[in-house]
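For reference, the structure I am asking about is given below.
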Ligand SMILES: Cc1cc2nc3c(=O)[nH]c(=O)nc-3n(C[C@H](O)[C@H](O)[C@H](O)COP(=O)(O)OP(=O)(O)OC[C@H]3O[C@@H](n4cnc5c(N)ncnc54)[C@H](O)[C@@H]3O)c2cc1C
(Lines of atoms letter the chains of each structure in order from A; the text may use other names.)
(Lines give C-alpha, C1' and ligand atoms only; values in the text may rest on other atoms or scores of the structure.)
Protein backbone atom coordinates (compact mmCIF):
# COMPACT_ATOMS: atom_id res chain seq x y z
CA UNK A 1 0.00 0.00 0.00
CA UNK A 2 1.29 3.46 -0.89
CA UNK A 3 1.24 6.34 1.64
CA UNK A 4 -1.79 7.80 -0.22
CA UNK A 5 -3.70 4.50 -0.04
CA UNK A 6 -2.81 4.17 3.64
CA UNK A 7 -4.05 7.70 4.35
CA UNK A 8 -7.32 6.85 2.57
CA UNK A 9 -7.65 3.67 4.69
CA UNK A 10 -7.12 5.68 7.89
CA UNK A 11 -9.72 8.26 6.76
CA UNK A 12 -12.23 5.48 6.04
CA UNK A 13 -11.58 3.78 9.40
CA UNK A 14 -12.14 7.00 11.31
CA UNK A 15 -15.22 7.87 9.24
CA UNK A 16 -16.92 4.46 9.60
CA UNK A 17 -15.87 3.87 13.23
CA UNK A 18 -15.66 7.23 15.02
CA UNK A 19 -13.45 6.61 18.10
CA UNK A 20 -15.69 8.68 20.38
CA UNK A 21 -18.75 6.47 19.80
CA UNK A 22 -17.23 3.07 18.89
CA UNK A 23 -16.57 0.32 21.43
CA UNK A 24 -12.74 -0.01 21.69
CA UNK A 25 -12.76 -3.74 20.84
CA UNK A 26 -14.87 -3.06 17.74
CA UNK A 27 -12.49 -0.28 16.77
CA UNK A 28 -9.48 -2.61 17.09
CA UNK A 29 -11.25 -5.26 14.96
CA UNK A 30 -12.00 -2.70 12.24
CA UNK A 31 -8.43 -1.40 12.42
CA UNK A 32 -7.04 -4.96 12.06
CA UNK A 33 -9.34 -5.71 9.11
CA UNK A 34 -8.35 -2.43 7.43
CA UNK A 35 -4.69 -3.57 7.47
CA UNK A 36 -3.70 -0.88 9.97
CA UNK A 37 -2.58 -3.06 12.89
CA UNK A 38 0.99 -3.81 11.78
CA UNK A 39 1.19 -2.15 8.34
CA UNK A 40 4.29 -3.96 7.07
CA UNK A 41 2.81 -7.49 7.21
CA UNK A 42 0.31 -9.29 4.96
CA UNK A 43 -3.40 -8.34 5.01
CA UNK A 44 -4.24 -11.74 6.57
CA UNK A 45 -2.07 -10.77 9.56
CA UNK A 46 -3.57 -7.30 10.01
CA UNK A 47 -1.24 -5.43 7.66
CA UNK A 48 -1.18 -3.93 4.22
CA UNK A 49 2.31 -4.75 2.91
CA UNK A 50 3.30 -1.12 3.37
CA UNK A 51 6.69 0.35 4.28
CA UNK A 52 7.34 -0.25 8.04
CA UNK A 53 8.12 3.44 8.52
CA UNK A 54 4.47 4.21 7.67
CA UNK A 55 3.36 2.66 10.97
CA UNK A 56 4.32 6.01 12.55
CA UNK A 57 1.83 7.79 10.28
CA UNK A 58 -0.97 5.45 11.37
CA UNK A 59 -0.16 5.90 15.07
CA UNK A 60 0.06 9.67 14.74
CA UNK A 61 -3.26 10.02 12.87
CA UNK A 62 -5.11 7.69 15.24
CA UNK A 63 -3.66 9.37 18.34
CA UNK A 64 -4.74 12.78 17.04
CA UNK A 65 -8.24 11.38 16.45
CA UNK A 66 -8.43 10.12 20.05
CA UNK A 67 -8.53 6.44 19.04
CA UNK A 68 -8.11 3.78 21.77
CA UNK A 69 -4.64 2.22 22.12
CA UNK A 70 -4.60 -1.60 21.77
CA UNK A 71 -1.52 -1.95 24.01
CA UNK A 72 -3.48 -0.55 26.96
CA UNK A 73 -6.01 -3.41 26.64
CA UNK A 74 -3.55 -6.26 26.07
CA UNK A 75 -0.08 -4.97 27.00
CA UNK A 76 1.92 -8.20 26.85
CA UNK A 77 -0.06 -9.47 23.87
CA UNK A 78 0.47 -6.38 21.74
CA UNK A 79 3.97 -5.52 22.95
CA UNK A 80 5.56 -8.96 22.93
CA UNK A 81 3.44 -11.97 21.96
CA UNK A 82 2.01 -10.43 18.77
CA UNK A 83 5.44 -9.54 17.32
CA UNK A 84 6.68 -13.03 18.29
CA UNK A 85 3.74 -14.69 16.50
CA UNK A 86 4.35 -12.52 13.44
CA UNK A 87 7.99 -13.65 13.34
CA UNK A 88 7.71 -17.33 14.31
CA UNK A 89 4.04 -18.36 13.94
CA UNK A 90 2.82 -20.69 11.18
CA UNK A 91 0.07 -19.31 8.87
CA UNK A 92 -2.48 -21.36 10.88
CA UNK A 93 -1.25 -20.00 14.20
CA UNK A 94 -1.26 -16.42 12.93
CA UNK A 95 -4.78 -16.85 11.54
CA UNK A 96 -6.02 -18.32 14.82
CA UNK A 97 -4.33 -16.00 17.32
CA UNK A 98 -3.45 -12.59 15.92
CA UNK A 99 -6.88 -11.01 15.44
CA UNK A 100 -8.37 -11.82 18.90
CA UNK A 101 -5.03 -10.80 20.44
CA UNK A 102 -5.22 -7.47 18.65
CA UNK A 103 -8.86 -6.80 19.49
CA UNK A 104 -8.24 -7.60 23.17
CA UNK A 105 -10.74 -10.48 23.15
CA UNK A 106 -7.88 -12.80 24.15
CA UNK A 107 -5.42 -11.40 26.69
CA UNK A 108 -1.90 -12.86 26.63
CA UNK A 109 0.85 -13.29 29.20
CA UNK A 110 4.53 -14.16 28.99
CA UNK A 111 5.63 -17.25 30.95
CA UNK A 112 9.43 -17.14 30.93
CA UNK A 113 10.75 -16.46 34.47
CA UNK A 114 10.97 -19.22 37.06
CA UNK A 115 12.07 -19.21 40.71
CA UNK A 116 15.64 -20.21 39.70
CA UNK A 117 15.66 -18.77 36.20
CA UNK A 118 15.08 -15.02 35.92
CA UNK A 119 18.19 -13.29 34.60
CA UNK A 120 19.39 -16.73 33.57
CA UNK A 121 16.10 -17.57 31.86
CA UNK A 122 17.85 -20.08 29.57
CA UNK A 123 18.38 -22.23 32.68
CA UNK A 124 14.61 -22.78 33.03
CA UNK A 125 13.31 -26.10 34.33
CA UNK A 126 9.61 -26.34 33.34
CA UNK A 127 9.43 -29.58 31.35
CA UNK A 128 7.41 -30.46 28.25
CA UNK A 129 7.39 -34.14 27.21
CA UNK A 130 6.05 -35.42 23.88
CA UNK A 131 2.95 -37.62 24.14
CA UNK A 132 1.60 -38.55 20.70
CA UNK A 133 0.21 -35.40 19.08
CA UNK A 134 0.43 -33.50 22.36
CA UNK A 135 3.02 -32.25 24.81
CA UNK A 136 2.61 -32.63 28.57
CA UNK A 137 3.76 -29.60 30.54
CA UNK A 138 4.87 -29.62 34.21
CA UNK A 139 6.57 -26.90 36.20
CA UNK A 140 6.32 -23.46 37.72
CA UNK A 141 6.59 -19.94 36.36
CA UNK A 142 6.79 -16.78 38.44
CA UNK A 143 6.29 -12.99 38.18
CA UNK A 144 3.79 -13.55 35.36
CA UNK A 145 2.12 -10.19 34.76
CA UNK A 146 -1.63 -10.30 34.05
CA UNK A 147 -1.77 -14.13 34.14
CA UNK A 148 -4.99 -13.75 36.18
CA UNK A 149 -6.62 -12.00 33.20
CA UNK A 150 -5.05 -14.07 30.43
CA UNK A 151 -6.56 -16.52 27.97
CA UNK A 152 -3.23 -17.48 26.37
CA UNK A 153 0.36 -17.64 27.48
CA UNK A 154 3.60 -17.73 25.53
CA UNK A 155 5.71 -20.25 27.42
CA UNK A 156 9.28 -21.54 27.19
CA UNK A 157 9.77 -25.13 28.39
CA UNK A 158 12.65 -27.58 28.47
CA UNK A 159 12.15 -30.35 25.95
CA UNK A 160 15.70 -31.79 25.97
CA UNK A 161 17.73 -31.72 29.21
CA UNK A 162 20.66 -33.59 27.64
CA UNK A 163 21.97 -30.67 25.57
CA UNK A 164 23.41 -27.27 26.70
CA UNK A 165 20.72 -25.01 28.13
CA UNK A 166 19.98 -22.76 25.15
CA UNK A 167 19.51 -25.73 22.76
CA UNK A 168 16.97 -27.76 24.74
CA UNK A 169 14.15 -25.19 24.96
CA UNK A 170 10.92 -25.11 22.93
CA UNK A 171 8.26 -22.37 22.81
CA UNK A 172 4.51 -23.06 23.02
CA UNK A 173 1.20 -21.25 23.19
CA UNK A 174 -0.60 -22.50 26.30
CA UNK A 175 -4.32 -22.19 27.05
CA UNK A 176 -4.41 -20.48 30.46
CA UNK A 177 -7.80 -22.05 31.20
CA UNK A 178 -6.69 -25.63 30.43
CA UNK A 179 -6.98 -28.27 33.20
CA UNK A 180 -3.83 -28.28 35.35
CA UNK A 181 -3.11 -24.51 35.15
CA UNK A 182 -3.16 -22.82 38.56
CA UNK A 183 -2.68 -19.03 38.79
CA UNK A 184 -1.94 -17.51 42.22
CA UNK A 185 -1.44 -13.83 43.10
CA UNK A 186 1.90 -12.39 44.18
CA UNK A 187 1.71 -9.13 46.05
CA UNK A 188 4.06 -6.29 45.19
CA UNK A 189 5.57 -3.42 47.22
CA UNK A 190 2.62 -1.21 46.19
CA UNK A 191 0.13 -3.67 47.71
CA UNK A 192 -1.23 -4.64 44.28
CA UNK A 193 -0.91 -8.15 42.86
CA UNK A 194 -0.22 -7.31 39.23
CA UNK A 195 1.80 -10.45 38.72
CA UNK A 196 1.36 -14.12 39.65
CA UNK A 197 2.98 -17.47 40.18
CA UNK A 198 1.64 -20.06 37.76
CA UNK A 199 1.78 -23.84 38.26
CA UNK A 200 1.43 -26.38 35.45
CA UNK A 201 0.50 -29.92 36.40
CA UNK A 202 0.21 -32.31 33.46
CA UNK A 203 -1.14 -29.60 31.12
CA UNK A 204 -1.75 -30.86 27.57
CA UNK A 205 -0.56 -28.68 24.69
CA UNK A 206 -1.32 -29.82 21.13
CA UNK A 207 1.77 -29.95 18.90
CA UNK A 208 -0.03 -27.44 16.65
CA UNK A 209 0.56 -24.88 19.42
CA UNK A 210 4.32 -25.32 19.32
CA UNK A 211 5.87 -22.03 18.22
CA UNK A 212 8.97 -22.63 16.10
CA UNK A 213 10.97 -25.85 15.84
CA UNK A 214 11.60 -28.27 18.71
CA UNK A 215 14.74 -26.99 20.45
CA UNK A 216 14.50 -23.54 18.82
CA UNK A 217 12.67 -21.90 21.72
CA UNK A 218 15.59 -19.68 22.69
CA UNK A 219 15.37 -17.90 19.32
CA UNK A 220 11.61 -17.42 19.80
CA UNK A 221 12.17 -16.14 23.35
CA UNK A 222 14.84 -13.69 22.20
CA UNK A 223 12.35 -12.14 19.77
CA UNK A 224 9.91 -11.70 22.68
CA UNK A 225 12.54 -10.20 25.00
CA UNK A 226 13.85 -7.76 22.40
CA UNK A 227 10.29 -6.56 21.74
CA UNK A 228 9.65 -6.41 25.49
CA UNK A 229 12.53 -4.00 25.96
CA UNK A 230 11.30 -1.73 23.16
CA UNK A 231 7.77 -1.95 24.53
CA UNK A 232 8.72 -1.28 28.18
CA UNK A 233 11.27 1.39 27.33
CA UNK A 234 8.87 3.01 24.89
CA UNK A 235 6.02 2.98 27.41
CA UNK A 236 8.23 4.57 30.04
CA UNK A 237 9.60 7.21 27.71
CA UNK A 238 6.32 8.14 26.04
CA UNK A 239 3.93 7.90 28.98
CA UNK A 240 3.15 11.63 28.76
CA UNK A 241 4.42 14.73 27.00
CA UNK A 242 8.07 14.10 27.88
CA UNK A 243 8.97 15.71 31.19
CA UNK A 244 5.85 17.92 31.37
CA UNK A 245 4.65 16.28 34.60
CA UNK A 246 8.01 16.90 36.26
CA UNK A 247 7.96 20.59 35.48
CA UNK A 248 4.36 20.83 36.66
CA UNK A 249 5.24 19.12 39.97
CA UNK A 250 8.07 21.59 40.47
CA UNK A 251 5.78 24.56 39.67
CA UNK A 252 3.23 23.33 42.22
CA UNK A 253 5.94 22.93 44.89
CA UNK A 254 7.39 26.36 44.05
CA UNK A 255 3.93 27.95 44.38
CA UNK A 256 3.83 26.50 47.92
CA UNK A 257 7.13 28.28 48.58
CA UNK A 258 9.13 25.04 48.41
CA UNK A 259 11.11 25.76 45.26
CA UNK A 260 14.88 26.35 45.34
CA UNK A 261 17.68 26.49 42.75
CA UNK A 262 18.84 22.93 43.44
CA UNK A 263 15.38 21.45 42.92
CA UNK A 264 14.88 23.59 39.82
CA UNK A 265 18.16 22.28 38.38
CA UNK A 266 17.04 18.72 39.15
CA UNK A 267 13.70 19.30 37.40
CA UNK A 268 15.39 20.67 34.27
CA UNK A 269 17.98 17.89 34.20
CA UNK A 270 15.21 15.28 34.41
CA UNK A 271 13.22 17.10 31.71
CA UNK A 272 16.25 16.88 29.39
CA UNK A 273 16.60 13.14 30.11
CA UNK A 274 12.88 12.61 29.48
CA UNK A 275 13.23 14.16 26.05
CA UNK A 276 16.39 12.21 25.16
CA UNK A 277 14.55 9.01 26.14
CA UNK A 278 11.57 10.05 24.05
CA UNK A 279 13.76 10.48 20.96
CA UNK A 280 15.43 7.10 21.60
CA UNK A 281 11.94 5.56 21.94
CA UNK A 282 10.92 6.91 18.54
CA UNK A 283 14.08 5.40 17.01
CA UNK A 284 13.59 2.05 18.79
CA UNK A 285 9.93 1.87 17.75
CA UNK A 286 10.95 2.24 14.10
CA UNK A 287 13.05 -0.93 14.45
CA UNK A 288 10.51 -2.70 16.65
CA UNK A 289 7.81 -2.13 14.09
CA UNK A 290 9.57 -4.53 11.80
CA UNK A 291 9.52 -7.23 14.46
CA UNK A 292 13.31 -7.14 14.59
CA UNK A 293 14.25 -4.56 17.21
CA UNK A 294 17.94 -3.72 17.53
CA UNK A 295 20.17 -2.97 20.55
CA UNK A 296 18.64 0.52 20.91
CA UNK A 297 15.67 -1.29 22.51
CA UNK A 298 17.93 -2.50 25.34
CA UNK A 299 19.60 0.93 25.67
CA UNK A 300 16.18 2.56 25.94
CA UNK A 301 14.90 0.07 28.50
CA UNK A 302 18.04 0.64 30.63
CA UNK A 303 18.05 4.44 30.50
CA UNK A 304 14.27 4.85 30.76
CA UNK A 305 13.98 2.56 33.78
CA UNK A 306 16.71 4.37 35.69
CA UNK A 307 15.32 7.75 34.63
CA UNK A 308 11.84 6.74 35.72
CA UNK A 309 13.10 5.86 39.19
CA UNK A 310 14.91 9.20 39.59
CA UNK A 311 11.85 11.10 38.33
CA UNK A 312 9.46 9.25 40.67
CA UNK A 313 11.82 9.85 43.60
CA UNK A 314 12.06 13.57 42.75
CA UNK A 315 8.29 13.93 42.60
CA UNK A 316 7.81 12.05 45.85
CA UNK A 317 10.46 14.20 47.56
CA UNK A 318 8.52 17.30 46.53
CA UNK A 319 5.66 16.07 48.73
CA UNK A 320 7.87 16.50 51.80
CA UNK A 321 6.93 14.32 54.80
CA UNK A 322 3.66 13.32 53.07
CA UNK A 323 5.80 11.37 50.59
CA UNK A 324 6.39 8.79 53.32
CA UNK A 325 2.66 8.12 53.76
CA UNK A 326 0.98 5.61 51.45
CA UNK A 327 -2.71 6.53 50.98
CA UNK A 328 -3.79 2.86 50.88
CA UNK A 329 -2.18 -0.56 50.88
CA UNK A 330 -4.95 -3.10 50.33
CA UNK A 331 -4.28 -5.91 47.86
CA UNK A 332 -5.86 -5.09 44.51
CA UNK A 333 -5.89 -7.29 41.40
CA UNK A 334 -5.17 -4.90 38.52
CA UNK A 335 -7.65 -4.82 35.66
CA UNK A 336 -7.23 -3.74 32.05
CA UNK A 337 -7.18 -1.36 30.25
CA UNK A 338 -4.49 0.63 31.98
CA UNK A 339 -6.02 3.47 33.94
CA UNK A 340 -9.25 1.59 34.68
CA UNK A 341 -8.24 1.46 38.37
CA UNK A 342 -7.68 5.22 38.56
CA UNK A 343 -4.47 7.25 38.58
CA UNK A 344 -1.97 5.91 41.16
CA UNK A 345 -0.77 8.25 43.90
CA UNK A 346 2.72 9.80 43.69
CA UNK A 347 3.79 7.55 46.57
CA UNK A 348 2.48 4.42 44.81
CA UNK A 349 4.17 5.49 41.57
CA UNK A 350 7.43 5.88 43.50
CA UNK A 351 7.11 2.36 44.92
CA UNK A 352 6.11 0.83 41.55
CA UNK A 353 9.12 2.46 39.87
CA UNK A 354 11.47 0.20 41.90
CA UNK A 355 10.36 -2.67 39.64
CA UNK A 356 11.39 -0.83 36.47
CA UNK A 357 15.04 -1.87 36.76
CA UNK A 358 14.03 -5.54 37.32
CA UNK A 359 11.15 -6.27 34.89
CA UNK A 360 12.07 -7.06 31.31
CA UNK A 361 15.73 -7.69 32.23
CA UNK A 362 17.61 -6.10 35.14
CA UNK A 363 19.88 -3.13 34.55
CA UNK A 364 22.91 -5.33 35.28
CA UNK A 365 21.87 -7.81 32.58
CA UNK A 366 21.17 -5.03 30.07
CA UNK A 367 24.63 -3.59 30.76
CA UNK A 368 26.10 -7.05 30.12
CA UNK A 369 24.23 -7.20 26.79
CA UNK A 370 25.42 -3.75 25.77
CA UNK A 371 28.98 -4.48 26.82
CA UNK A 372 29.16 -7.77 24.97
CA UNK A 373 26.92 -7.37 21.93
CA UNK A 374 27.21 -3.67 21.17
CA UNK A 375 30.63 -2.63 22.48
CA UNK A 376 32.36 -6.00 21.90
CA UNK A 377 33.83 -6.20 25.43
CA UNK A 378 34.91 -9.56 26.93
CA UNK A 379 31.97 -11.78 27.94
CA UNK A 380 30.50 -12.49 31.38
CA UNK A 381 31.81 -15.60 33.21
CA UNK A 382 29.76 -18.62 32.00
CA UNK A 383 30.57 -21.79 33.89
CA UNK A 384 27.76 -23.78 32.21
CA UNK A 385 28.86 -23.11 28.63
CA UNK A 386 28.76 -26.29 26.53
CA UNK A 387 27.53 -28.37 29.52
CA UNK A 388 24.33 -30.45 29.21
CA UNK A 389 21.54 -28.71 31.20
CA UNK A 390 20.98 -31.83 33.33
CA UNK A 391 24.64 -31.79 34.47
CA UNK A 392 24.66 -28.15 35.62
CA UNK A 393 24.45 -27.99 39.45
CA UNK A 394 21.31 -26.23 40.70
C1 LIG B 1 6.84 -5.98 37.84
C2 LIG B 1 7.45 -7.20 37.20
C3 LIG B 1 6.78 -7.86 36.19
C4 LIG B 1 7.31 -9.00 35.61
N5 LIG B 1 6.59 -9.64 34.64
C6 LIG B 1 7.08 -10.78 34.10
C7 LIG B 1 6.31 -11.51 33.14
O8 LIG B 1 5.18 -11.11 32.77
N9 LIG B 1 6.80 -12.68 32.65
C10 LIG B 1 8.02 -13.15 33.03
O11 LIG B 1 8.42 -14.21 32.52
N12 LIG B 1 8.78 -12.50 33.94
C13 LIG B 1 8.34 -11.32 34.48
N14 LIG B 1 9.10 -10.65 35.43
C15 LIG B 1 10.33 -11.25 35.89
C16 LIG B 1 11.62 -10.54 35.47
O17 LIG B 1 11.91 -10.78 34.12
C18 LIG B 1 12.72 -11.05 36.40
O19 LIG B 1 12.42 -10.61 37.70
C20 LIG B 1 14.10 -10.54 36.00
O21 LIG B 1 14.51 -11.10 34.78
C22 LIG B 1 15.15 -10.84 37.07
O23 LIG B 1 15.14 -12.17 37.45
P24 LIG B 1 15.07 -12.60 38.99
O25 LIG B 1 13.97 -11.84 39.62
O26 LIG B 1 15.06 -14.07 39.06
O27 LIG B 1 16.42 -12.04 39.63
P28 LIG B 1 17.86 -12.74 39.57
O29 LIG B 1 18.12 -13.20 38.18
O30 LIG B 1 17.94 -13.74 40.66
O31 LIG B 1 18.80 -11.52 39.88
C32 LIG B 1 19.12 -11.08 41.21
C33 LIG B 1 20.16 -9.97 41.12
O34 LIG B 1 21.38 -10.51 40.56
C35 LIG B 1 21.80 -9.75 39.43
N36 LIG B 1 22.41 -10.64 38.43
C37 LIG B 1 21.95 -11.84 38.01
N38 LIG B 1 22.75 -12.36 37.06
C39 LIG B 1 23.74 -11.44 36.85
C40 LIG B 1 24.88 -11.39 35.99
N41 LIG B 1 25.17 -12.37 35.13
N42 LIG B 1 25.66 -10.27 36.04
C43 LIG B 1 25.38 -9.25 36.89
N44 LIG B 1 24.32 -9.26 37.76
C45 LIG B 1 23.52 -10.32 37.73
C46 LIG B 1 20.51 -9.14 38.91
O47 LIG B 1 20.76 -7.97 38.13
C48 LIG B 1 19.75 -8.83 40.19
O49 LIG B 1 20.20 -7.62 40.74
C50 LIG B 1 8.59 -9.50 36.02
C51 LIG B 1 9.28 -8.82 37.04
C52 LIG B 1 8.73 -7.69 37.63
C53 LIG B 1 9.51 -6.98 38.71
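Easy rule for this one: first residue shown is 1, then count along the chain.
Glycine is no exception: its Cβ is also placed from the backbone N, Cα and C atoms.
Got these off TrEMBL a minute ago, pasting:
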type	residues	note
DOMAIN	23-105	domain 'Acyl-CoA dehydrogenase/oxidase N-terminal'
DOMAIN	109-203	domain 'Acyl-CoA oxidase/dehydrogenase middle'
DOMAIN	215-375	domain 'Acyl-CoA dehydrogenase/oxidase C-terminal'
What is the number of residues in the domain 'Acyl-CoA oxidase/dehydrogenase middle' (109-203) that are helix, strand and coil, as DSSP sees it?
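Going by DSSP assignments, the domain 'Acyl-CoA oxidase/dehydrogenase middle' (109-203) contains 10 helix, 49 strand, 36 coil.
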Do you know the DSSP helix, strand and coil residue counts for the domain 'Acyl-CoA dehydrogenase/oxidase N-terminal' (23-105)?
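For the domain 'Acyl-CoA dehydrogenase/oxidase N-terminal' (23-105), the helix, strand and coil counts are 57 helix, 0 strand, 26 coil.
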